[in-house]
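According to TrEMBL:
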BINDING   38  pyridoxal 5'-phosphate binding site
BINDING   60, 61, 68, 276  substrate binding site
BINDING   234, 361, 426  tRNA binding site
MOD_RES   247  N6-(pyridoxal phosphate)lysine
REGION    427-449  region 'Disordered'
COMPBIAS  436-449  compositional bias 'Polar residues'
């Protein structure tokens, strides 16, 4: 039926299915006589087994979605994977999506492929309108495609950083709609930035006839992010939305899904991909979804949402205990932020030191964001880099509740964070006292000390 099975298959069934696909590829025919330059020959048996003998990859040299006659099994795998992934995207909340395909590149390069496809439709355009998000790959995706990003600074509303809709529209008028390739918006992001106002942006894009590409990197796991995409497509214009395989489906890094509401445009993007492609990302996500089944994936989404509520309430308690504050970011469904004002006031280095302490204590993924750091990316200078704003009011720490997180992860993180904050506070106070003493000493007194 081309849909994800309701209940997951056991490993033996999945392996049998993959072996049946593999024997449909010419490199596994007993009497095969290959005289071409690409015949699916593999020198290592270990490598062949790692790929279930599906060696030919996917697509043909001119189209990543095309069927390869000498690789019927790999081609079928590709078609099935795209169909099952489309089913899951609908299940996750974007009901009217019409087409998608798995591309063997991570999110940044997949966004680049979308921009390059749009180039042929809008040959005069050289700008991309981009509400600021401090993440290098989505910024570099525009530079790599040869376009000039027009950075729209976010507006501070309470603790949240939100899309400046008026600034977007003003910039479109100033530059001229025909000179703008697209609006490049974001759903999933680190708090205190929250998902862009997708509905308003989609309406602007429809009104000015400008394409709209959405970076939905880890948004499939969030019903709120998927709802924003669905609503944006309903009231306005969204041409494509791109999501990562590893972040949403717990597979190795290396693949993404490009999806959209206009079947022919998504096909155009797939045809823009030059050459054949690795089947590994498709194989990984197919195995994973057959193993989980639709019910298993829905259960993971439910658990993630429950863990977000738990992380939020427990992090708030911990923040209160340390005279800090869980920032109020109700529009961000995945990421949370806790202020670090006390550390920041005592010692500038204490904030970044906290990040190092957490990392050495095997806490991965938590980000510590100091005030005022400057970063240059491809000759563009960002003030307050990582905080998504030039002057965010305080330093803070990020933690996220992503798919697959367990209660044990949250509990261990909070316990280690509590210890690190206590240690940091002691060291900050000690450093402050030493500085005061050294500043009060002069001449020989300072030498004697």
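Using N, Cα and C of the backbone, Cβ positions are placed for all residues, glycine too.
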Cα distance (Å, whole number) from residue 61 (substrate binding site) to residue 426 (tRNA binding site): 62
Cα-to-Cα gap, residue 247 (N6-(pyridoxal phosphate)lysine) vs residue 61 (substrate binding site), nearest whole Å: 29
Alpha-carbon distance [residue 68 (substrate binding site); residue 38 (pyridoxal 5'-phosphate binding site)] in Å: 12
Cβ-Cβ distance under 8 Å to residue 68 (substrate binding site), same chain, at least six residues away: 56, 58, 59, 60, 74, 75, 276
Pairwise CA distance, residue 61 (substrate binding site) versus residue 234 (tRNA binding site), rounded so that it is a whole Å: 35
